[in-house]
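As recorded in TrEMBL, the features of this protein are as follows:
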- Asp27: active site, proton donor (ACT_SITE)
- Asp29: active site, proton donor (ACT_SITE)
- Asp27, Asp29, Asp248: Mg(2+) binding site (BINDING)
- Lys223: substrate binding site (BINDING)
Amino acid sequence: MTNGGREALTPQAARSLVDSVDVFIFDCDGVIWKGDKLIEGVSEALHTLRSLGKKFVFLTNNSRKSRKQYAKKFSKLGMEINEDEIFTSSFAAAMYLKLNNFPTDKKVYVVGEEGIKEELKLVGYESIGGPEDGKKSIQLESSFFFDHDKSVGAVVVGLDQHFNYYKLQYANLCIRENPGCLFIATNRDSTGNLTSLQEWPGAGCMVSAVSCSVQKEPVVVGKPSTFLMDFLLERFRIDVSRMCMVGDRLDTDILFGHNAGCKTLLVLSGTLYQIIQWPAQLALAGVTTLPALLDPSNSIHPDSYANDMSHFVQLLSQ
């Protein structure tokens, strides 16, 4: 399609891509929205692809919300997306436990937010921790003993704006002292588009803190892990080669596509190159910039890249 992701998408390549794909898998943060602001042109782009008979999946590493909560967010932004079209890393964590027959009499300690707790509850697991423990603190005095629940059988770590030392120690004790306790990470993204104006520290920061304290690596269930691909293949019953991952991160979205064996399309940040080429759109979305993509040290290349979703669809009409 392109020379290892080193050439911008052309009208011919865009049409070829659409003809060869039945299901588009979209990342959300940085592709569909930034924070709570819809990226310009996304609604029109999705409408165009729908009219061409394409099916959608929205696959996000952001674990702060459940699938139901994300469906409400889409609706609030003016897009009616079905809950069964949404797959999150919080859902992936719950499914990982369920498919590995995690006992229902064991609890899950959550370093994360309500999205993880809600998905765990939907599959029958009791969780503790989460936002509530963000209000707790400890006193590091010589006689202080930090107690923890011995029935915790898994620790799930995701993006947590209430992350603190209390949670770090609780997770540490569960993983170190509870026999067989699982350590699961929703994802290891270093940053994320959590607001419309800035990038913020991602779940990887919390995961790294816990990993460092226990000297153990987690099982990662979000992108670039292909754990959720089995669910997608079951849902659509089509060959993975007829799918395309659309994302703004090389190390998660594009690597996920490579690992899964599907096509990949990268959307870029608002770099100088893009401003020169497409001056009408300056406040753009993604994490990956053109210099980062073309850097000789970068070994992860998409099949093709475009400015954003609006630009991708514009190419189809040329």
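One-based numbering along the chain as shown.
Backbone N, Cα and C atoms are what each Cβ position is placed from, and that goes for glycine too.
When other Cβ atoms within 10 Å of the Cβ of Asp248 (Mg(2+) binding site) are tallied across all protein chains shown, the result is 24.
Between Asp27 (active site, proton donor) and Lys223 (substrate binding site), the C-alpha separation comes to 10 Å. Listed in sequence order, Asp27, Leu59, Asn61, Ser89, Asn187, Gly247, Thr252, Asp253, Leu255, Phe256 are the same-chain residues six or more apart from Lys223 (substrate binding site) with CB atoms under 8 A from its CB.
Here the active-site residues are Asp27, Asp29, and the one whose Cβ sees the fewest other Cβ atoms within 10 Å is Asp29.
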